[in-house]
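Here is what TrEMBL says about this protein:
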- 1-225: domain 'PABS' (DOMAIN)
- 144: active site, proton acceptor (ACT_SITE)
């Protein structure tokens, strides 16, 4: 299988402490962010991923107030979380400062989330950040990780999910990047098994289409802790009805 993008011009090439970082201008998908040779986002189709990973959990609970984002250094998830007027505090823990810096420079419409005064940026290891988090302190945790190699590997393992569950309030929700059903079933089966052990509310696998990702599909685990029931298939906090017209949603809707 192959999906090719024509490189018009390389805009940035660097090596951080953790990975190779590249930005190039493509002929059909706008600017493209690459980490260790793998496409992370393009200007044309990033909305599908960012909107779904953010609004699937946040629209499933009433009045989310405190949200944690692990990874997501490009700022796209922050942009979407900030649409929710009930949210009072957003922590983001990104391990690679270069991703943040590069995204602000080359993807300002994605990184606009950093401009929100509710956002608190922490540069560091998301696993350690979660372990140190106060028990029951978050309404939602969103894990916008890259694939389970390199610095993101621990974000797919059982101890990490246990830390997520501990940091969530009763009836709190998590949404984590969970690979493609066409390419990574062995990984997904392990994630589902771990989540069923740990999250005693609901455990669901969801997916969306992102043309520039391998197989054109990317999945999410959406789970809740024991407490007030959460039905991810029936949103109770419909963002598409409250969003202002300046920056309309491009992909997600309550259906």
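Cβ atoms here come from the backbone N, Cα and C positions, even for glycine.
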Residue 144 (active site, proton acceptor), number of other Cβ atoms within 10 Å: 26
Mapped DSSP class for the residue listed as 'active site, proton acceptor', helix or strand or coil: strand
